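Listed in TrEMBL for this protein:
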type: DOMAIN; residues: 192-360; note: domain 'CSC1/OSCA1-like cytosolic'
type: DOMAIN; residues: 366-606; note: domain 'Anoctamin transmembrane'
type: TRANSMEM; residues: 87-107; note: transmembrane segment
type: TRANSMEM; residues: 155-172; note: transmembrane segment
type: TRANSMEM; residues: 373-393; note: transmembrane segment
type: TRANSMEM; residues: 413-435; note: transmembrane segment
type: TRANSMEM; residues: 456-480; note: transmembrane segment
type: TRANSMEM; residues: 500-523; note: transmembrane segment
type: TRANSMEM; residues: 567-594; note: transmembrane segment
type: TRANSMEM; residues: 620-639; note: transmembrane segment
Amino acid sequence: MLNQVLQVIGVQQNEEQQMEAIYDDFQRPPKIKIAMMHAAATKFAKTDPNIDLDKTNVCPCCGLPAVIEEIPLCSSRNEFSFNGSGIALYFDFLVFSGVIVFAYIAISCGYNIYANSQGKRCSLIKSSIADKCKTDFFNQFSLTNDNEDLDEVRSILNFISLIVILFLTLFYRRHISKIAMELDDAAILASDFSIIVENIPRDAKEPEIQEYFSQPFQNETVEFRKLCIAYEIQPYLKLNTQKQLKETVLTKVLELEAEGKQIPKSIPSRVQLKEEIDKISKELDYMEDHRATIFDFSGICIITYNYEKQADNVCKTFKATRFKILLDQLGIEQNEFKKFRNNNLLVRKAPEPGDIIWGNLGITIKEQYKRTLITNAMTLFLLAIGFGLLLGLSYAQNVINKNISKGSTAETVIITLLGFASSILISIINVVLAKMIVKFAELEQQATRTDYNVSVAYKMGVAQFLNTAILTLIINLFIQEEMISLDQAIWQTGGLNSDVMLIFITNSITPWLTLLLDVNYFYKLYVRQKIIKQGENCKYTQNEANQAFEGPTIDLSQKYAKLCKTLLFTFLYSALLPVGVCFTFLSIVCIYWTEKYLLIRRDSKPAPTGSAMAEAMIDFYIELILLLFSLGCTFWEWINYDKIHILTWLQLGFSTLHYLIPIQKICGCIVDLGIDNATIESYDEKFLTFYDDYDRRNPVTLDAAKEKWIKIQQETVQPTPQPKTSNQIKKYHQIQHITTDSRNSREIDDLQQLQV
């Protein structure tokens, strides 16, 4: 890989040998300068556009430029677009979340807090349960403290809040669509010219596929450029994993030898490990050279055309959806679509090359749905376990209530501590849910990282919301040893008011505080200082040092899930405890600035992502948030007043209609941005600028494709006495694209972000 990196940046052979001499993954002691160079190359920052790549400013480990421009902390979110639109749109989603929360605070929250604080619920209770009601912080600002008749002003303001948030949602959809289109027009990538085709017959051969997709579509001819076949490469990946494990053991053996320690008998010798690694390497090389005969065809391929319009026309021709193909695989006949042999095809614009998880391709749509159902059932089982734990804590709270003197200071302290314990237990369960849901999503074997992240965000957000909001509600209102009214279950000491308010307070602090106090990051700082201090006596390898100097990675799926869980919880309980919405707003502000600071100053650069994640989150969560807001207003109003205002019913009906019907399509006059124009430039003209492409990402084709790309770079970019004309270059490129089929390798494409 190092040779290829150096060839691209123009380093001569004698310089290559010098660079190889100074870099080795398993070198001990590690070179601090290289580790620092790797830290700079992987930092979330722009590459300095005014530099020419050479051996002094490219990381020899990952091949990324190490001369960067740090982004100012107060910079616009649009400054993040150099890494794709995904990061910028996540921060836009944070801002949007803060805006809709603030809109509710500005319209309804102030009046609701004031009206609630003027109530005298506890002072008017004359029965034996009067000692269970206290006008404390938890009850004073709660809807249950309002003992007056149904408040019409409250219902009007809540309805206005819903309408305002709905329109903000429509404009936000327009905003992210506009950003996605602008970035798509500004950045011309391999995905603009490519389609991904699924459900091709498994026995189809490359010439047949190429001939089929070279025919005219939509009455227009197409210029076929490249075919990237996806194979079922699980055996290859397992063998490569074995090689990596043996390399790890070899590293440990070399460390013990360097320290003069005896190697345990259970560990193979250095010579034996090297022989086994060489043997596996030869097997991997053989698999790559004979991939067409060794690996089974997955039924999926990526096809590249010369113009984006041609790719768009092919997508328009095939109208089958994923669900229709599922029915087809279940034996349920579908409408006649254009077919490949007897198979309906799922054809769409291809995702980014780095977004595809090549090892997961080959899972049928039927199997994909089956795995999703199984993982959803497993998630529900985990929620049932969490429900049992919270129920046990509630039972302990009831026992203590019975055995302690009423109205005493001890009772107040113990009940408050148990409330905090409940909120902490909920947080712990949410952490466990997050880790297990990540494992469940891996079992689904999604085809792209975006699909994987969306699956994680869906499951994690909903599961944590159910655990935090719904289970707390059920335990407090419907599972009680004594028969009490619903409103008493809310305002009594240790009731729903105190539990929910403590969750609001906890959620306003823990999300951003745990980001700042990242244990893994501080451990990396410790390792860095240890490596620098030990110097020539350091036992870490160069690769381990590079990893220590690299910043933490970010996970957008978990960030979206946690934020959406907070929004769902907030709007469900906003009518009951409006003061809790203020805590949520402060939390979102702190999360925004904390994550922005960490991204710019601490985190490493994630893989480039598009707008699909943000669009999926707003499609799934925003309508649900509005529905829960209306359900909460209706439910709490009914419990407190025993009746529901007509405007509240109208609010519930409107939000239900909005959830069930795609109103954003009906209101297209607000959201519509016009036609997303296809890229005018051709693939032949732009492909030399693509530092990421499908054949350079496919594990069994990337090395051959990388070598060919480097060769074309040298022949085209490097000056020659008689440069080729544009027509000659275009013809040469066309021949190279169509005949791509040479030797391959297993490395990850480290050249994807090199700038020649």
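Note: Cβ is positioned from N, Cα and C throughout, glycine not excepted.
Whatever TrEMBL says is automated annotation, not expert-curated.
For the transmembrane segment (87-107), the partner stretch with the most Cβ pairs below 8 Å, chosen from 373-393, 456-480, 567-594, 620-639, is 567-594. Within the chain, the transmembrane segment (567-594) has long-range Cβ neighbours (under 8 A, six or more residues past its boundaries) at 91, 94-95, 97-98, 100-102, 104-105, 108-109, 112-113, 116, 141-144, 158, 461, 465, 468-469, 490, 496-497, 500-501, 503-505, 507-509, 511-512, 515-516, 621, 624-626, 628-629, 631-633, 636-637. The average pLDDT computed over the domain 'CSC1/OSCA1-like cytosolic' (192-360) stands at 85. Listed by sequence, the residues of this chain that lie at least six past the ends of the transmembrane segment (620-639) yet keep a Cβ under 8 A from its Cβ atoms are 100, 143-144, 150, 155, 158, 161-162, 165-166, 169, 458, 461, 486-487, 490, 564, 567-568, 571-576, 645, 648-649, 651-652, 654-656, 658-659. Listed by sequence, the residues of this chain that lie at least six past the ends of the transmembrane segment (500-523) yet keep a Cβ under 8 A from its Cβ atoms are 137-138, 419-420, 422-424, 426-427, 468, 472, 551-552, 562, 566, 569-570, 573, 576-577, 579-580, 583-584, 586-587, 590-591, 594-595, 598, 602. The list of residues near the transmembrane segment (373-393) in space but at least 6 beyond its ends in sequence, with Cβ under 8 angstroms from a Cβ of it, reads 418, 421-422, 425-426, 429, 432-433, 436-437, 440-441, 443-444, 459, 463, 466-467, 471-472, 474-475, 479.
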